[in-house]
Structure formats: structure tokens, C-alpha cells
């Protein structure tokens, strides 16, 4: 049989056998490079180093030579059949490549009678063997006469040479089996003759007509002691009991190698492992596996039809190794452990006070709270001074309350989420802005109505008293509170852990974010009403931009609203543009809190810091002004309309100057 088989040394758990990684056939007429191709094929399963060869001597030698050419000396562990045995010719010139090769030969014994017989053979007494003369020339390296079979030999045979004396002699290994085979045939014919011919001498007619099947039955039935003294029997398949000697081609102390018996097989294996030698005298058994064991966290993907060969595939992403052959996905709130042999809970994080994302907003808020508190204290201490009274004390305190809440919400946004914190976030998130812009809207609306009414009649408009202004302001604020209470009823506040926000490709970096269950839509709805108040207030600020600078706070309110709109226009793309970012929680929280603080700072700085400055550093300016009657306001409103029509022909400064001079000539301003 011409074949090469690569065998993995993986032991099958139930059968205790070996596993074939691949089977290759040596062509009967191999082409150039065929054996190099075989070696390359064997290296495809490089961990399967054991190679069992059923091949003739020439093919064995060429396989070894190909391994040497491909620099694979010492890589393969050769196992040869009895065609290799203990022969020198397959390993001649390939000793290093063949080191450690294990071969087998049928267990044999030297037949002394055959040695005596063969040594006594000569040219004169063995003429019946037509090949004996050729053997004689080969064995003694001489030539028989002019027509000898060995051309080029100068030595002439004398016919007096003696086998074993004038040449080396070793009994051929299969002599015993040839003799036993001849005796088996003889015993079978003898028994057949006895059964069929009943003592008739020679070939009887009945025996002359038998077929091969009948003779085979007699051969399988023989049972005798062979030439080596061992029983000769055959099983039902016609095979003799296996008796083998196991050899290993080992290096010796003489820097050469030789075959040494390391075990035998007679119904079972007897192996002297301690007698085995491998490359460089190593005694440890070298491994030969088709596939190395997979590492922890890898599954086996078995090669179809070869149970001992597999590819190792790592369990990727959020998968863990559920069994030897499968990877499974961890539950959503979990991730694989370091070894990917199980799942562990994903760590839960929140915005910490010491985080850079929190430090800056908290710093701004603390400064804002201190500044707001300072303004409130200053106003309270100078509550009855003209500049505080002219600012509208009641509305100022409402507005300052809203500014204070805008700063304070930062601490609620960074605090550890729980039901209480989430409830307070819902209440105060939009409430501070609502307080601020409800008060500013009421103020700008009052100014607008006064001047619009002044254009029509000398009668003062309704709802311009401080009490009316407070009622309007708190009516607007109540809408925000009503919306919050409806939100509480529909969706009670609670916390949640968002595992999707920071679910990175690398599970080790994954985090669950503890936060209040407030969606972006809910946030917009909460702030939406306050933003609507802000936009409406901005519209009134634009409408009252022509009011004289000496009249109330129209101009500062206008500048406040323009700046605030710019802040919130910048807030929207930053807040929603980072919705897919892994840092979403940090960016959105920081953006929201800073936007609220900046809005509050703009209102505080433009509306109240100039007043505080006058109160503290220029008290001489904090004196009563001449009061102006509503009639003066009507005159101012009328002139505002007329001069506004002339604005296209006259510079704006001249218009304002003339209007102010006209107002100064009137008396009694209604506060």
C-alpha cells in the first residue's frame, strides 16, 4: 500500500485510540517535487508530528530526504511498518532525519538448522538454484568466468569461498515465516489427503478435483508448532496471531544510530518507555496532536470529519465560553470575566463630585450662589432706598429667587440619584428658569402695555400695580408646577441603570450609568415652558427697544434676553449632538448646568450688579427722582411714535435726546 498517514496523538476518551489528522497517498509513479509537496501538506497540521508510513524502502527514503530538504529534521516522529523494520537502506544518508523513528517487525527467531544448511551451500552442491551463482558473485564480490553477472569486478571467484567465513552473513528475517508457511501448506495437504483419500498413496481422484476454497479451509484449520517453537494457527479471517518486535532508531555513543528493541506485541503491548530515546538523547515523550488545547475563553470549532482537529475561536465581545464548543452572550447587565469563563455584573458609575466634569459647574454655581445671596442681602438692607423701590422690589425678589434656583440645580444634577433626588430634579430643573423669565416677561409686558396704552388714551392700563404683577408672575409659574405634578402622576420618579450609554466594544471598559429616569424628551418638556417664556420675553424686549433709556429697565432686560437666547442656542447642538457619545452623561449634565448658571449670571450681572454698585459705592445717586405722571408717559409714548416715524430722516441719538428732554419737562411718574 502506498500511503502516508499523519496521526495525532490525541487519545479518544472512550476508545483510547489515536486520531488521524490527514491521510495522503504516495503515487506509484511520483513526479518531481511530489515528496516535497507531501511534506508541505503534512506541515498544514504542524502540531501533528507523528507520521505512520506504509511504503516501500525507496519511498521511505525519498520522504526522509524531502523532510531534510525542507529543513524539518527533528520535527516529524516517524512510525514505520514492517516494510521498514530494522533495515539500513531506508535511513542510509538520512540518519539525523530518521532519529527516533519507531518501526515494527514480526517477532522472529533465528533457525539454527537453516544457518547450518545455508553455510554449507556451495556452487557444486546447489546447482538446482538458478539464482545461486548470482548471489555468489554479489556476496563475495567476484566474477564467475567470462560470462559472469558482475561486470567490472577484477576478482575471479575460486568456488572455494565459504558463506559466513569469507563474507558477512546474517539470516534473513523472514526465513522463519517462509518455513512455517511451507509447513502450514504441508500440514493442510496432509490432512486433506487423509480425509479424502483414506490411505490411498499419491494423488487420489477425489483430491485431484478440489478447488481453492476447500484447500483454504484446511489451511486455516492447521495447528502445529513452528520452526521457532511457537504455535502456528490462523483465526477466522485467515490471519496468524500478531507477534511483533518494536524497534527504535536511536543514536549511540559512537555518533551513529542503530535499531534497538524497545518493546513487543503479543496479544498486548509491552513497551519499555524508559528505553526510548529522542532527539539529543531526550527521554521525555514528545507530543503529537492535531490541535493544541484551546486557551481559556476560546471554543473549539471542530474540523468536519476529524474529531481531534479543531480551530480555536476566541469568544468575542460580550460572549463567554459556556462549554468546550460554544460561546454564549452574557445577560445585558453583565459582561464576561477576565478569563471569559462566566459573566460578572457590569460596574455601575455616576457623576462624582471630584470629577472634572463636576468641579467646574460646581465652582460656577457656588460663585453664583454667593453673588446672588450678596445681592439679596444688599437689597434687603437697602429695601426702602429709591433705587431698590424703583426696581420693583416684589418682582426683583421673585427674579432673584429664580436666579438662585438656577445656580442651586447644579448640586441636584450631580448628587447621587435616588427617588428623592430625582423628585427634586423634576421640580427644580425648570422652576428656576420659570421664576426668572416669568418675572422678566411680566416686567416687559407691563412696559409694553403702558406705552401702547399711552398711544391711545390717557387712561392707565389695568394690572400694572405690584400686586397685579405678582399675581401674573405666579400664575405663569403655576403652569410649570402643574406640568410637573402631572409628570409625577403619569411617570413617578425613579432611578435606573443605563447599560447602553457606555456599552463599549471592549467589555472591560463597559459601565452602567446610575441616573434618574428622565428621557431627553421629558427634559425638553420640562424646560420647554421656561424656554417659551424666555422667547416671549425676548419678543417683548424687542418691541420695547425704543423706550427711553431713563425709563425703567427695558434696555437691560433686552440685552439680558438677547444674550440668554445665544446661550441656549449653543446649548441645543451640544446637548443633543453628544447623544451617541460614551461620555454622554458627563457632557450633557455639564452642558445643562453651565447653561443654567450662565443664564442666571447674565440676568444677575446685567440687571442687579449696576444697582448694587450704585448702592454701595455711589450712595449720592441713590436719591428720589422727580415723579412723572401717566400724562408724561402718554406724551413720551406719543412722541416715541412720532419720532420713530422720523427715524429715517434723523439720527437715532437725536430722536432719543429730544424724547428725553420732552419727558423731563413733564411731572410725576407713576411707579
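Including glycine, each Cβ sits where the backbone N, Cα and C put it.
As given in TrEMBL:
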- 357-377: transmembrane segment (TRANSMEM)
- 357-631: domain 'G-protein coupled receptors family 3 profile' (DOMAIN)
- 397-417: transmembrane segment (TRANSMEM)
- 423-442: transmembrane segment (TRANSMEM)
- 463-490: transmembrane segment (TRANSMEM)
- 521-542: transmembrane segment (TRANSMEM)
- 554-576: transmembrane segment (TRANSMEM)
- 596-618: transmembrane segment (TRANSMEM)
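Through the fold, the transmembrane segment (357-377) approaches residues 351, 397, 400, 403-404, 406-408, 410-411, 413-414, 586-587, 589-590, 593-594, 597-598, 600-601, 604, 608-609, 612 of its own chain, all at least 6 residues removed from its boundaries and within a Cβ separation under 8 Å. Counting residues 6+ beyond its ends, the transmembrane segment (596-618) has Cβ neighbours under 8 Å at 361, 364-365, 368, 371-372, 374-375, 378-379, 382, 385, 387-388, 391, 396, 399-400, 402-404, 406-407, 409-410, 432-433, 436, 440, 553, 556-557, 559-560, 563-564, 567-568 in the same chain.
For the transmembrane segment (423-442), the residues of the chain that approach it from at least six positions outside its boundaries are 395, 398-399, 401-409, 412-413, 469, 472-474, 476-477, 480-481, 484, 487-488, 493, 516, 518, 523, 526-527, 529-531, 533-534, 536-537, 540, 557, 560-561, 596, 599-600, 603, judged by C-beta separation under 8 angstroms.
Sequence-remote contacts of a segment are chain residues at least 6 beyond its ends whose Cβ falls under 8 Å from one of its Cβ atoms, and for the transmembrane segment (554-576) they are 440, 443-444, 447, 520, 531, 534-535, 537-538, 541-542, 544-545, 547, 587-588, 591-592, 595, 598-599, 602-603, 606-607, 610. On the 0 to 100 pLDDT scale, the model's mean across the domain 'G-protein coupled receptors family 3 profile' (357-631) is 86.
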